[in-house]
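Pulled from Swiss-Prot:
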BINDING   Arg22, Arg180, Ser181, Ala182, Asp183, Asn191, His221, Ile222, Tyr223  dUMP binding site
ACT_SITE  Cys160  active site, nucleophile
BINDING   Asp183, Ser282  (6R)-5,10-methylene-5,6,7,8-tetrahydrofolate binding site
Amino acid sequence: MKQYLDLCHRILNEGKWVKNKRTDKLCLTVINADLTYDVAKGEFPLITTRKSFWKAAIAELLGYIRGYDNAADFRQLGTKSWDANANQNADWLANPYRKGVDDMGLVYGAIGRKFPKADHGSLDLLKQIVDDLSNGIDNRGEIYTFYHPGAFHMGCLRPCLYSHHFSLLDGTLYLNSTQRSADVPLGLNWNMVQCYTFLALMAQITNHKAGQVFHKIVNAHIYEDQLALMRDVQLKREPFATPTLTINPAIKSLEDLEIWVTLDDFKVENYFYHPSIQYPFSI
């Protein structure tokens, strides 16, 4: 939590204004931020200076794990996070690759679970990683990536948190996650939860101890219409103690995550928080 608040203060104190072409808004921006989440110690990085909807963040992660490409599937899991980009993005609505209402196209897990090969066909990157790690193999390239520039035109949004690199060392599983762009008041709140939960899940289904997540953010920003709420409201609040996340121990495999796991299999305890803040969302 302190890391997150420190980053917010850094943006306010050191950030430079940049005009974002896609949203036509100014962003107060810094380059490079490194956050660490200690899964081994149970330090769940959930924001307490405002209410965070952690269930929706985990629902979105489950959708990425399953390779979903439709906002309706995400809603069924428990999040409406893709409704706007699938159905209100003017460029995507006019895109010939859009299949209809709620279609997201080739984004996130839809790329990672069927990564297009140059010689045709596709690779299931996540299954390869799970198979390797389950057999104690780390080939130094256990990377679940959603980043495919050749397919950007076939999806409603380029991936922001685009790469998850798993490493196995002496029986402990680590994760390096890379994010090209972070809407710090809104998106990063969820991304921190997702990185932590992803490592915890992968360690559990591959039968390893969980170590740390190292989360690199390249472009961290606060939109101009979010700035006052961050500066004058959220950063004036004192954080509460860190809550804890518990995952159903019956989850044993990738197939479990694909077939039957729901939000009921995740519990957060001792979560105390300040009132929610309605930050503007930029499509």
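Each position is counted from 1, following the chain as shown.
Every residue gets a Cβ built from N, Cα and C, even glycine.
Taking CA atoms as the reference points, Ser181 (dUMP binding site) and the residue listed as 'active site, nucleophile' are 5 Å apart. There are 19 other CB atoms within 10 A of the CB of Ser181 (dUMP binding site), with all protein chains counted. Of the listed binding-site residues, namely Arg22, Asp183, His221, Tyr223, Ser282, the sparsest CB environment within 10 A is found at Arg22.
Taken over all pairs of the listed dUMP-binding residues (Arg22, Arg180, Ser181, Ala182, Asp183, Asn191, His221, Ile222, Tyr223), the Cα spread reaches a maximum of 21 Å, rounded to the nearest whole number.
Taken residue by residue with DSSP, Asp183 (dUMP binding site) is part of a strand. Around the residue listed as 'active site, nucleophile', taking its Cβ as the centre, 18 other Cβ atoms fall within 10 Å, counting all chains. If you measure from the Cα atom of Asp183 (dUMP binding site) to that of Cys160 (active site, nucleophile), you get 9 Å.
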